[in-house]
Amino acid sequence: MPIRNIAIGRPDEATRPDALKAALAEFISTLIFVVAGSGSGMAFNKLTENGATTPSGLVAAAVAHAFGLFVAVSVGANISGGHVNPAVTFGAFIGGNITLLRGILYWIAQLLGSVVACLILKFATGGLAVPAFGLSAGVGVLNAFVFEIVMTFGLVYTVYATAIDPKNGSLGTIAPIAIGFIVGANILAGGAFSGASMNPAVAFGPAVVSWTWTNHWVYWAGPLVGGGIAGLIYEVFFINTTHEQLPTTDY
């Protein structure tokens, strides 16, 4: 079962007004999400004297990221699709749902949105450190890599099922909620181990501002592999599967 056409895109696509508007929407949505997510961790650290790594800090991070992503996806959905994540964009590309050129434009916007968000946070908080993603004690690089693959697979699979699949019908209206919920749940599951990034842009901004690059590749490779697998599986086995409704009988 072939997937939809994977396309590079026309050379002028990167300068088309609709593509530029979509990229701007991705920039704004990612900025909103990172301010809420990273900002909540900084606020919790300030209020609890660096207690963001405690169980209550984990719950606070999960709630803030779930709510923040719900809003970020909602405000961008009708303009760019509300990806807010290079792994989601990559999964959409693997499934033939976005061209390579537009995907690169989205990536640039998402990364810039994250960096600008972290710079704003650092300035607005009077120079507080923006915490970068890192592995917890006793967690190996391979462990974190697998965790990021699995969690991002769940995220991108949810995006496909609720937002990309043309058969989703009314399910599409709850897509932002479902996407926010899966991210919040994954943070509760994996936050104590890898930090549960699931999003290269979310990891990139804090890494740039704090200039912390230890094991940073994990937060790119894991999500991209997981997102790509999810996009491929959903596109091949579900979107392109023809469905014939069972006959009904009146009694």
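Quick reminder: no glycine exception, Cβ is built from N, Cα and C everywhere.
As written in Swiss-Prot, here are the features:
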MOD_RES   M1  N-acetylmethionine
TOPO_DOM  1-23  topological domain 'Cytoplasmic'
TOPO_DOM  45-56  topological domain 'Vacuolar'
TOPO_DOM  78-103  topological domain 'Cytoplasmic'
TOPO_DOM  125-143  topological domain 'Vacuolar'
TOPO_DOM  165-172  topological domain 'Cytoplasmic'
TOPO_DOM  194-218  topological domain 'Vacuolar'
TOPO_DOM  240-251  topological domain 'Cytoplasmic'
TRANSMEM  24-44  transmembrane segment
TRANSMEM  57-77  transmembrane segment
TRANSMEM  104-124  transmembrane segment
TRANSMEM  144-164  transmembrane segment
TRANSMEM  173-193  transmembrane segment
TRANSMEM  219-239  transmembrane segment
Positions on the same chain near the transmembrane segment (104-124), where near means CB under 8 A and six or more residues out: 14, 19-20, 22-24, 26-35, 38-39, 42, 80, 83-86, 89, 98, 130, 200-202, 204-206, 208-209
For the transmembrane segment (144-164), which stretch among 57-77, 173-193, 219-239 has the most Cβ pairs under 8 A? 219-239
What residues in the same chain, six or more past the boundaries of the transmembrane segment (57-77), come closer than 8 Å to it by Cβ-Cβ distance? 25-26, 28-30, 32-33, 35-37, 39-41, 44, 48, 51, 83-84, 163, 175-177, 179-181, 183-185, 187-188, 191-192
DSSP residue counts for the topological domain 'Cytoplasmic' (1-23), split into helix, strand and coil: 12 helix, 0 strand, 11 coil
For the topological domain 'Vacuolar' (45-56), distant same-chain residues with Cβ under 8 A (at least six beyond the ends): 125, 128, 131, 192
Can you work out which residues elsewhere in the same chain, 6+ from the ends of the topological domain 'Vacuolar' (194-218), have a Cβ less than 8 Å from its Cβ atoms? 30, 33-34, 37-38, 84-87, 107, 110-111, 113-119, 122, 129-136, 139, 141, 143-145, 147-148, 151-152, 155, 183, 186-187, 224, 226
